[in-house]
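This report concerns only the one structure given below.
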Amino acid sequence: MGRESRHYRKRSASRGRSGSRSRSRSPSDKRSKRGDDRRSRSRDRDRRRERSRSRDKRRSRSRDRKRLRRSRSRERDRSRERRRSRSRDRRRSRSRSRGRRSRSSSPGSKTKKTENRSRSKEKAEGGDSSKEKKKDKDDKEDEKEKDAGNFDQNKLEEEMRKRKERVEKWREEQRKKAMENIGELKKEIEEMKQGKKWSLEDDDDDEDDPAEAEKEGTEMEDEELDPLDAYMEEVKEEVKKFNMRSVKGGAGNEKKSGPTVTKVVTVVTTKKAVVDADKKKGELMENDQDAMEYSSEEEEVDLQTALTGYQTKQRKLLEPVDHGKIEYEPFRKNFYVEVPELAKMSQEEVNVFRLEMEGITVKGKGCPKPIKSWVQCGISMKILNSLKKHGYEKPTPIQTQAIPAIMSGRDLIGIAKTGSGKTIAFLLPMFRHIMDQRSLEEGEGPIAVIMTPTRELALQITKECKKFSKTLGLRVVCVYGGTGISEQIAELKRGAEIIVCTPGRMIDMLAANSGRVTNLRRVTYVVLDEADRMFDMGFEPQVMRIVDNVRPDRQTVMFSATFPRAMEALARRILSKPIEVQVGGRSVVCSDVEQQVIVIEEEKKFLKLLELLGHYQESGSVIIFVDKQEHADGLLKDLMRASYPCMSLHGGIDQYDRDSIINDFKNGTCKLLVATSVAARGLDVKHLILVVNYSCPNHYEDYVHRAGRTGRAGNKGYAYTFITEDQARYAGDIIKALELSGTAVPPDLEKLWSDFKDQQKAEGKIIKKSSGFSGKGFKFDETEQALANERKKLQKAALGLQDSDDEDAAVDIDEQIESMFNSKKRVKDMAAPGTSSVPAPTAGNAEKLEIAKRLALRINAQKNLGIESQVDVMQQATNAILRGGTILAPTVSAKTIAEQLAEKINAKLNYVPLEKQEEERQEGGQSESFKRYEEELEINDFPQTARWKVTSKEALQRISEYSEAAITIRGTYFPPGKEPKEGERKIYLAIESANELAVQKAKAEITRLIKEELIRLQNSYQPTNKGRYKVL
């Protein structure tokens, strides 16, 4: 506006001037002109400030409208909208008038001014025009900003309109869905609609302008009440009640009404909004699947269903595969072709050669002749080059006979000492076996499976296998526990021809993702390394499950350094006509190991260990074996205090730490290792010179494996064993190992063993040598299930739990234990020798006793209580009947009744009166008789921990001292479902005593101990046998 008014004043002034006016102006005119210019500029600045302020206010109002539109009342929204429309109209009118004025003041008007102005005026006007141009530029920028603001406002209004349309469309769809889903509730809804209808009378908003209300109808619908939603909010409780009735209705009704009720609850049970008491307005509801409400019965049903599904899934893992329904593709096992050089050998030459190779013995028909070099076993050139590269010059004794036997397709049992090359003996035939078959396709499992008992052995076999697999293009995966399963699953899904595994984790892999990770349909070659320990450690069920899922015509190979006779029968179950190859006798220590056994006291062990370390540690690495994890950690601390850097290895360490410890020990980073028997197998360490058995091994096989860690691959090694006098029972196995390996037995060790045998013979005990672990895993049979059910029943009874489906649980715990005892009571009259245990009277007391006796006889005579009057009443009645007389009513004196009561009380108190002892003593050489009470309590059917509780030596001794009764354990344990043969009895406790009270006290104490153990089983019950450690 400033620019247009200024031009207008200039044009009117030019019209009023005379054409003959002089070119010069007076000073007053100039001053007035400058003042007008200053005032116009100040007015322009004020106008610009006002525009900027108004623009900021408009923007801030728009932001506030976006945030607070739903929270403000409708009246303020309408008034604000009216003010907004009026301001827009004013801005549009201003912009239109400004455009007309700017077009009327064109640049051509400046040329129509009089040409008789002075040059000074032209200069002044030139300066003013430059300022005016600058102002014009500013005004144009302001107009652009205004246009941009109007565009943004229009765009915002358009977006709001579209959003409202979407909301209305969504509301309509939700309304239709809700109406479709409440068909079954229509009758109840109609009844409640007649009682109470929704009305908008309590809406206190008055419409000021009906025309504006119609224009703003779209905005008002966003805030208006949805009658259906409001009604559903009010009948919320009725829907819940109907839902509860439908759930309780039964299976048939549940199937019909279940989906409908679920959908209604989805609409209703949303997050509860705070509803004003005066204004019951609808709330925008969204589907919230997580907010669905369930009754307690529905939740219980879901839990039961989930538990049943989980148990069914677990049972499915135990189901064997029906191989008759699977069509396996054929494969070839026999690849061995005997070279002419071996074919020419006679049987005598073969026997001589086997004798030279450390006395190879072979059992089984059709075993091929042993080879003498690698080229004779029929392997490829790639494998020969790998053998040469890694330093395998010629076959070891076990390899000379095992490789051709396996190449011929026969099952094998290989027995050889540690460090003899058993791994290569089954790897080379395996590579030939795999290369003969077609390559794996997507989704197929391995061709060869190697199972080991320990993770360390699995890693070592994998490392050995990868030396050859890379050149052959085969993939090897090591599957073992203690590490993340996701990486191993990823490797198996990519495919692998060879899997080296521990049995437990392999079963997890076969069951993962419903068997989609891997399978055993392509497996034709199975290896069990350290097979005896795998069965001893309780892996038998897992191994058998894996083997049973492999095709029956597979080739199975077993290798171990020890193979007890008890394992052979078990091994032959999964082998078909096996060949047994044994090298160097059964379980012997390598001749390269120098063995020393030291009989020493416990306190001197550590000092002797320090002496050995000072002598041998500079020459190589050292392993110290202990029996328990806590002993390993304790010895580690002692060695660290003695400035010996060392590490500890046992089963309680994480798998990652175990791997790093073994790598550091193999690399020579740490040369001293304290370990339990977990490192006794499969640990091949170069430059290992000394093995110290700090804790004496408890059986022969463990000693052989510990000593076998040193003296490998032809190197010299030393093995020292500490044994104390308390460990004399282990001396027999140590002596056996020394004798079989050709080592002299120390005299002090022989003396310790002979003293132990003499002591056992004196105690009447039979000496049995330990044959290794006898652990076993789950059998998953009916016997275990019956035992578990029986234990659960006892636990319920111990806790007083009652189940409507279990009648036995309601029986009292004492009655339950009493019934399981199946007790048998006996009372025997025992004749004792005449010698009395009462000491003979002294000379001083003899006269007093004689006087007392005479007085007693005189009193009996006076009261007519002689011997003849004390005849038994039944005897008198019998005599009367025999004589033909009549039986009179017996007369019992008060003294007789008193004596009978006194005898009962004395029997309960285990008290013998002095008068009776005197009478018995006075009878002299006559023999006396007494009663012995016996009771038998059968404990065979109680849980194992309860039997242990009452049959331990300490418990029996404590009960005997408390009750003064003798308790012995008799019979044999029979598992549930197995009945004893004729002449045998189930295990029971025999309680014996001279009086009945002692027997009752002993029985009550035994019952108390069993009851406490049954109650404790409620929280600590485990189906496995308890060991030293618990899994927390």
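Here the Cβ of each residue, glycine as well, is placed from N, Cα and C on the backbone.
Per Swiss-Prot, the range carrying the annotation motif 'DEAD box' out of 233-236, 309-312, 529-532, 793-796 is 529-532. When the residues Tyr294, Tyr703, Tyr933 are compared with Swiss-Prot, the one annotated as phosphotyrosine is Tyr294.
Looking up Ser770, Ser804, Ser837 in Swiss-Prot for phosphoserine, the annotated residue turns out to be Ser804. Within the set Lys463, Lys493, Lys904, Swiss-Prot records N6-acetyllysine at Lys904. In Swiss-Prot, the entry for phosphoserine among Ser295, Ser420, Ser1020 corresponds to Ser295. Here Swiss-Prot gives motif 'Q motif' for one range in the set 343-371, 372-400, 807-835: that range is 372-400. Residue annotated by Swiss-Prot as phosphoserine (from the set Ser296, Ser591, Ser754, Ser836): Ser296. Lys422 (ATP binding site): 25 other CB atoms within 10 A of its CB, across all protein chains. Taking the recorded positions Lys417, Lys904 in turn, the residue surrounded by the fewest other Cβ atoms inside 10 Å of its Cβ turns out to be Lys904. On the backbone, the CA of Thr423 (ATP binding site) and the CA of Lys904 (N6-acetyllysine) stand 78 Å apart.
The two recorded residues Gly421 (ATP binding site) and Lys904 (N6-acetyllysine) have their Cα atoms spaced 80 Å from each other. Cβ crowding, taken as the number of other Cβ atoms within 10 Å, peaks at Ser420 among the binding-site residues Ser420, Thr423.
Between the C-alpha atoms of Ala416 (ATP binding site) and Lys904 (N6-acetyllysine), the distance comes to 73 Å. Secondary structure at Lys422 (ATP binding site), taken from DSSP and collapsed to helix, strand or coil, is helix. Ranking the binding-site residues Gly419, Gly421 by the number of CB atoms within 10 A of their own CB puts Gly419 at the top. Confidence across the domain 'Helicase ATP-binding' (403-581), taken as the mean pLDDT and rounded to a whole number, stands at 88.
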